[in-house]
Amino acid sequence: MASQVEISPASADGKGSPSYRHYEYGEDGTTVAIDQPQPIVQDLQPPKGYYRSPLFLGTFLAAGLGLAAGNGAFGLAAPALGLINADIGPSASISWVSIVYILTFAIGSTLVGRVTDIFGRRWFFVGGSVIAIVGTVVCARAQNVPTLIGGMTLIGLATASQASYAFVVGELVPIKYRFLAGGGVWFIGLPTNVFAGKTSVSIANNPNLGWRFIFYVLLIMNAISFLCWFFCYHPPTFQMLHHGESAKKFIVGFDYIGFLLFTAGIILLILGLSWGGSIHPWKSAHVIATLVIGGLLLIAFFIYESFWPSDEPYLPLKLVQNVHYIGIIIVMTVVAMVFYGISILWPAMITVVWPSSIDLYGWKVCAASGVVGLGGIVGGVVASFIRRLKIFVLTLMIIGTAFTGAVAVVHQDNQSLTVSLMVIGAFALGMIEGIAVTMSGIAIVDQNDIGAAVGFATSVRTLGGAIATTIYTTVLSNRLSSTIPALVPPAAIEAGLPPTSLPALLEVLQGLAPLSSVPGLTDTILAAARVAYRTASIQAYRSCFYTTIAFGGLGIVGACFVPNRSKKTDKLVAKELHHKRDEKVLEAGERIAHV
């Protein structure tokens, strides 16, 4: 039996509500069941001048600066972790700075989306910016790595709200303009999205600034974002969303069991993936038990939501029963899996294969992660003019997969070709990102679930990125453990290095020891060893980029289920901002026709 959902727009006068009608078809194509139209969301017609009002423009700026600060906390800080560890460490726990950010961002995204769908968004986003301010202050003043980890934990939690632009801004504009609005939000954060690598290197290596200035920049962004949220962002309150209902009813009926199962499962899976091969061996009980229990908890979560649904389920199952929504999640996750990989592999690879000045290195880093951000901006703009998004996204996924996989041709003598391949592949993937994140809030039956839809998709995307990071680092480590012993020792010994000096030489090549620690080392031996080490590294990185092709194949399958844009819902506006002075009137159920 097949099914179809038809969405009808509001009446022409703007007073009606859009609805959906669900059809079920038998094997012979005849209609066997039709659900009666159900309301999706009030279809609003904002008054003239609304999108030029301080309310909307301030909210738009708040979302843009918040996203820039949230992404920048990872994009700017990650490249500088070596300098940070040297300054306030050294500590073996420095990797936890990135881990806690990913962890708290993943668990917070679904929570923020679902809770704000139910209770209203304003104070959660004002509060999120406050947490971000506290987190950046803690990081900026940190005197040791544990304090830095604590600050990044707060920043990760705050980013869960700051990265929710797809539904915060998206629900305020007509659906046909959501892609354009998303691209605009990304545009505000150019320095921390597109030019993060260059910005980070320039700040951290400037003796007059230093790595702490990164967090001071983020602090300024968060402070302005807070002011904009506080004074301009007045979305529907709880009483506007639930006329006559008590908050106590929704607090009591909230799906706490689902929340605990989902959150615990995500935490354990990401911890297990982060521990494996670095903090603990993959075969250790710590890693195996954490991964197994985390996986079982997520399975239990979906079983619980299916058979024991609460009044306010943590994840409305109608979302995951929507094949278009699942296709978008697959696409988002695959893009994240490739993006996280190139964000880690590319900076490390260009350091070894094409050593350069710090300034040039910063620009070359932007060829990967920075171009993804640029693609996100362009993708949002272009998608606003395209109806057949399925074919468009499918084409972009094929291009992105082909060109990032083709980076495996990397060689020390083809820098221009390799960088060009990376730029094209990363740009295509970035365009998909800009489209898919917005689509995750469009390809749903009920616009009242937009927060949960975007939040859950973001959580899955982040988990996928963590899985991919583990796969890439494992592949790289395994390949280096075979290519380096096979190439470096023979080259060094042939050049005249005593065999007993090999361990010390390998530490030098990895940047772990000074040249003076290698007995018998000469310029000729060092040159031969570096060439062999570069060749061994190139072979290892090639294997990693081949891995991206497998992920891309999954993304191509997911792209086949991405829906096209429908004219029927082009003018649908899900939510409208209001002035504080009008709040009581609106909570009583009356309509205000001005801003």
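Numbers here mean position along the shown chain, with the first residue as 1.
Each residue, glycine too, has its Cβ placed from N, Cα and C.
No curator has checked TrEMBL annotations; they are predicted automatically.
Taken from TrEMBL, the feature domain 'Major facilitator superfamily (MFS) profile' applies to 59-567. Residues or ranges marked as region 'Disordered' by TrEMBL: 1-20. The feature transmembrane segment is assigned by TrEMBL to 55-81, 93-112, 124-143, 149-170, 177-197, 209-232, 253-273, 325-349, 361-384, 417-438, 450-472, 540-562 (among others).
Contact between the transmembrane segment (325-349) and the transmembrane segment (93-112) is not supported, since fewer than 3 Cβ pairs fall under 8 Å when only residues 6 or more apart in sequence are counted. The stretch in 149-170, 361-384, 540-562 that contributes the largest number of Cβ pairs under 8 Å to the transmembrane segment (177-197) is 361-384. Long-range Cβ contacts of the transmembrane segment (124-143) within its own chain (Cβ-Cβ under 8 Å, at least 6 residues beyond either end) map to 62, 66, 69-70, 73, 77, 88, 112, 115-116, 150-155, 157-162, 164, 168, 212, 215-216, 218-219, 222-223, 225-226, 229-230, 233. Below 8 A, the CB atoms of the transmembrane segment (253-273) and the transmembrane segment (450-472) form 3+ pairs separated by six or more positions in the chain. Between the transmembrane segment (209-232) and the listed ranges 55-81, 361-384, 450-472, the one holding the most Cβ pairs under 8 Å is 55-81. Mean model confidence of the domain 'Major facilitator superfamily (MFS) profile' (59-567) amounts to 92 (pLDDT, 0 to 100 scale). Sequence-distant contacts of the transmembrane segment (450-472) (same chain, six or more residues past either end, CB-CB distance under 8 Å): 102, 105-107, 109-117, 121, 160, 163-164, 166-167, 170-171, 266, 269-270, 273-274, 276-277, 315-316, 319, 325, 328-329, 332-341, 344-345, 437, 440-441, 444, 544, 547, 551, 574.
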